[in-house]
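Okay, so here's the structure we're looking at.
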Amino acid sequence: MNDTLAGWLQIIALVGALALTFRPLGDHMAHVLTSPRHWRVERLIYRVAGVHADADQQWSAYLRGVLAFAAVSVLFLYAFQRLQNHLLLSIGMKPVAPDLAFNTAASFVTNTNWQNYSGESTMGHLVQMAGLAVQNFVSAAVGIAVVAALIRGFTRKKTDRVGNFWADLTRIVLRVLLPISFVMAIVLVASGVIENFHGIQSITTIAGDHQSITGGPVASQEAIKELGTNGGGFYNANSAHPFENPNPFTNWLEIYLLLVIGFSLPRTFGTMVGDRRQGYAIVAVMALIWASSVAIVTANELHSVSSSVGHTAGGMMEGKEQRFGIWASALFAVSTTLTSCGAVNSFHDSYTPGGGGMTIFNMMLGEIAPGGTGSGLYGILILAVVAVFVAGLMVGRTPEYLGKKLGAREMKFASLYILTTPAIVLVGSGIAMALPGERAAMLNSGAHGFSEVLYAFTSAANNNGSAFAGLSADTVWYNTALGLAMIFGRFLPMVFVLALAGSLARQQPVPVTAGTLPTHRPQFVGLLAAVILIVVGLTYFPALALGPLAEGLH
Amino acid sequence: MPTATAQPPVSKDPLAPNVHRVSGGLLDARQLVTSFPDALRKLDPRTMVRNPVMFVVEVGAVLTTLSAIKDPSVFAWVITAWLWLTAVFANLSEAVAEGRGKAQAETLRRTKTDTMARRLTDGWRPGAPGVVEEEVPAAGLRLGDHVVVEAGQIIPGDGDVVEGVASVDESAITGESAPVIRESGGDRSAVTGGTKVLSDRIVVRITSKPGETFIDRMIALVEGAARQKTPNEIALNILLASLTIIFMVAVVTLQPFAIFAGAEQSIVILVALVVALIPTTIGALLSAIGIAGMDRLVQRNVLAMSGRAVEAAGDVNTLLLDKTGTITLGNRQAAEFLPVSGVEIEELADAAQLSSLADETPEGRSVVVLAKERYALRGRTEGELARAEFVPFTAQTRMSGVDLNSTEDNRSLRKGAATAVMSWVREHGGHPTEEVGPIVDGISASGGTPLVVGEVAWSEGARTARILGVIHLKDVVKQGIRERFDELRRMGIKTVMITGDNPLTARAIAQEAGVDDFLAEATPEDKMALIKREQSGGKLVAMTGDGTNDAPALAQADVGVAMNTGTSAAKEAGNMVDLDSNPTKLIEIVEIGKQLLITRGALTTFSIANDVAKYFAIIPAMFASVYPGLHRLNIMGLHSPTSAISSAIIFNALIIIALIPLALRGVRYRPSSAAALLNRNIVLYGFGGLVLPFVGIKLIDLLIQFIPGLH
């Protein structure tokens, strides 16, 4: 079987698998988010935590829940890393430096999982399992909880209540993330991913050298790393490491896992708003962007040959794993940058300017195709609000989306949302470029060096967490700046999303007539895709021109 | 059956079904010149700051001016000049839009001459003898004062007629020269200050405070003095402001990137890039679009009390339309003569015509017209019927007719309600035939009104009384109204016909006219309930009304259009007043509301789409020197970096001027479904906005490359 056929088969199998799970998983999540019944174990948790899970919250109370939970999580994770040498299973790891501990805490709580450290030589098993892996579950669940509140804003009328954050959080973890992760971890173990508590083993290689190999509970963390679009690897090499991602099948499965919730949530949305076509339109936009991006990156990597290895492999092989090849690497790179996952199985820094530039652009899109768990859907819904506003005017009515009018208040929150991330990315990169000391962190000079910095801030602010590599970001300044970028990039948008949810929930819906802009047809799919591309393109064009474009155009 | 319906002056035909361009008059080039000083005055930062997008342009212009003074070059001055022009052009669009209103306000002010009022002293009551008058200036009138106005005098203030009846010339506010009748009591009692009494004498109770009269409000409205941003305008402004901030951040942070790349940019170029990117086109025209929308209503003799109401009109889901005057012509018309057996149809037609000759009601006139058209019966000359005595209609007899009293033709003819005419025939010894009953019932069932014609003839001493037949009076549905309702349905608007008729009649007319629903035997309470029911489902409701009992419903409706002939209570309650008192206007008002929003959306799309071309002009100009590969982005093949940036800025400024007529006129609106409308506007303003600047910038570049110093 040649590479091209194998590549196509992988993509077809992936799309087929996603299509198969779209309905059951989407409907299951809708049920989880709307069912009035609690599980017994959930009741127990609520009792222990002292939560009134049946109390419907105002958007502001819901937001307080989100923020309080995040603040406690950051502090806990920070303390955990600083004190890890006193804890069990530390496998001899020293306390993590304060700035790196802050960066890492921020990174995992914000679902970013940017890693300025090598997991195998920095974190003990307990921190990995009870600290980082726990955040992998709950930070993913927080994203879904927030989008659930937004959807309730669309479905409810004349109320100021958008659901209960604690109930949403608990249910998503217990009923969605844990069961799927459990099954998938077993599948991964069966396919060759390691799962042990061995700690560091010294091995003498055939050549007679000594090598230290860190073992650990990898498979269990790997499943949620992808499923929750976290991306924080057990090892520094992430999914390029053979213990995390040993063969093409695990690679395919990891891609599937990191896409599956993002692509199924539009079904949840359609089901909850009572018009599945609305969900189909959203998933169509996501799929359109994802497919175009896969095509662009794959074509770029296939047709640019930089070395003799590349010649034999039929394309750009620098920075890619031989066992995956061009197709599977490109597919992984696109999927991980279009979700807020950020796991990598190849080094985006080594991609062609076109391919690497595309991975930056993917993140600049705001992680919406399909995006992070929950955050992808609320991101694209906010852009849909903007698209509906402009298009709705063009049909001669005060714009309305799903029966809710988009007035000054709604546009205020939507505008602030679309303003936040670009501002963080550009201001962050701008400051980094203006400081001579920080520029030294770049591995490369010129346009490529600038791309490395732009990538770092884009990745942090959009909560992606993938690294371009090349930038030595484990400095006090970068740890702090990127940590703040992750926190603001995660929680400011959530503030605006929840405020929007509150303002939508208060409204009496407008009935649909022939004069209403239809938001379920191909027309709207095209329109929304165009609005996304133009708004993002216009925002980042100058920066991209000085990075990937300057590099790529000769 | 003369019903007391106020006849709207039928001057311009508002129901020209195929004219959809709601035009607002053309832009006169002179207006640009006359408004120029105003545009300069608006450069005051305190005024500019209200428009965030253009304020950024002004600040940018100040920065480039300073930079050009410090470091002069042809390029810096060209950019500076065009940035100032951009700001001026934006102000110009607003000034031109306001200027049109000012001209109208001038005309209105002229009617507000220093009228003297003849105020009646406090003790005056309607009908009271011993009237004592005093002369006071009109401005000194207070709420509740009574004034007397006689033929030839100007009514000193808004009020209700409490005594007398007069014909009034209201052309000062309506532009309509035909006088209208104003009388005490009922729904035609309201008079407007500044209008002129042509005949008779009336006593008016003043209902407005000084300075708050109808004309005062009209002046304020058309001048835009009371203009507030509408909800949708605020929402759009927020979006535009946030886009402006995004682009400012993008450009400000570009400088460190550029320095790193070894291509530090001058202030002039950075400002030029910001101005090119922020949505200046829509930012410049936004306020003009709003003013022009109100203005288009004024041109149609509709006064909207707020821009909010105009916007709401575009959102309306349900139209409540009065049957009479909107769906049907003002009154019923004779459609058919139905003789009883033994009577020739010509004989009936002749009798019907004779009995109606003096009947000045529209129904009566329609009988004469039908007789003439269908049976070639000419009208009689006066001499012919010299001894005839006409019997007018009264509410007691419910008949009208004529006693001919001539020797050769000594007959009495009556027409009127079936029971009245039949008992009249019986009184004169006749026996109405039994055929009449079924004919009358048949007409009623079909939604028509039967008028029975009876005759008493004296010849040679003998008296014969008999029924001749029945006139079928029918509501005549206006031509083209059905198509209009079809269009409304395509726009997603439901029409409900409101009528006092019985359900049977109402259904027949509703079907013929093609309305979606009807409310028969409607009382004001029914109307109110209907509005509330629709609104509880989230719908927006528009209606027209004129009577005092319409006032609560007018106030409840999202768009309430009061007829100018209506009572002042109705005018107070509504949020629009139609000076022509033409209920069909409601449909036009909805179209104007939609057109206003579409214009905003279209120009926003256009403005954002424009940015793509500007990037392709400016980015290679900025960085091709350090990254030669970027030269490939210069797909327009612009002459030089300076000419490229100048061309983009000049295009950016000129497009504002070029679009002022569109902003004032509104984009073309064709009633159709939302999807079809969107397709059309996206193609026109989205793709148009994408492509046009490529052409425009290239053309400008071809010209300005010859400017020395701009190499």
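Cβ from N, Cα, C; glycine included.
Other C-beta atoms found within 10 angstroms of the C-beta of B:D322 (active site, 4-aspartylphosphate intermediate) number 24, with every protein chain shown included. Residues annotated as active site, 4-aspartylphosphate intermediate in TrEMBL: B:D322.
Sequence annotations record features per position, and here TrEMBL assigns ATP binding site to B:D359, B:E363, B:F393, B:T394, B:A395, B:Q396, B:T397, B:R398, B:M399, B:S400, B:K415. Within 10 Å of the C-beta atom of B:A395 (ATP binding site) sit 6 other C-beta atoms, taking all shown protein chains into account. Secondary structure at B:A395 (ATP binding site), taken from DSSP and collapsed to helix, strand or coil, is coil.
Note: B:D550 (Mg(2+) binding site) has non-local neighbours B:P524, B:K527, B:A562, B:G566, B:A570, B:A573, i.e. same-chain residues 6+ apart with C-beta under 8 A of its own C-beta. According to TrEMBL, the Mg(2+) binding site annotation covers B:D546, B:D550.
The domain 'P-type ATPase A' feature in TrEMBL is assigned to B:117-223. Helix, strand and coil residue tallies for the domain 'P-type ATPase A' (B:117-223), in that order: 20 helix, 41 strand, 46 coil [DSSP].
The transmembrane segment annotation in TrEMBL covers B:51-69 (among others).
What TrEMBL records for B:75-92 (among others) is transmembrane segment.
For B:234-261 (among others), the entry in TrEMBL reads transmembrane segment. Same-chain neighbours of the transmembrane segment (B:234-261): 52-53, 56, 270, 273-274, 277-279, 282-283, 286, 600, 604, 608, 622-623, 626-627, counting only residues six or more beyond its ends whose CB sits under 8 Å from a CB of the stretch.
TrEMBL lists B:267-291 (among others) with the feature transmembrane segment.
Look at TrEMBL and you will find B:612-630 (among others) tagged as transmembrane segment.
Marked as transmembrane segment by TrEMBL: B:642-664 (among others).
Beyond the transmembrane segment (B:684-707), the same-chain residues lying 6 or more positions past its ends with a Cβ under 8 Å from any Cβ of the stretch are 74, 78, 602-603, 605-610, 612-614, 616-617, 635-640, 643-644, 646-648, 650-651, 654-655, 667. The transmembrane segment annotation in TrEMBL covers B:684-707 (among others).
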Which listed range (B:51-69, B:75-92, B:612-630, B:642-664) shows the maximal number of Cβ pairs under 8 Å with respect to the transmembrane segment (B:267-291)?
B:51-69
Across the record's ATP-binding residues B:D359, B:E363, B:F393, B:T394, B:A395, B:Q396, B:T397, B:R398, B:M399, B:S400, B:K415, the largest CA-CA distance in angstrom?
18
For B:D359, B:D546, listed as binding-site residues, tell me which one has the smallest number of other Cβ atoms within 10 Å.
B:D359
Intrachain neighbours beyond the transmembrane segment (B:75-92), with Cβ under 8 angstroms and 6 or more residues off its ends:
32, 35-36, 38-40, 42-43, 48, 51, 54, 57-58, 60-61, 64-65, 67-68, 266, 268, 271-272, 275, 280, 283-285, 642, 645-646, 649-650, 652-653, 656-657, 660, 704, 707, 709-710
Hey, does DSSP put B:D359 (ATP binding site) in a helix, a strand, or just coil?
coil
Specify the secondary structure state of B:K415 (ATP binding site) as given by DSSP, simplified to three classes.
strand
Local backbone state of B:D322 (active site, 4-aspartylphosphate intermediate), from DSSP in three classes:
strand
Report, as a single number, how many Cβ atoms besides its own are within 10 Å of the Cβ of B:K415 (ATP binding site).
29
Could you state the CA-to-CA distance between B:D546 (Mg(2+) binding site) and B:T397 (ATP binding site) to the nearest Å?
29
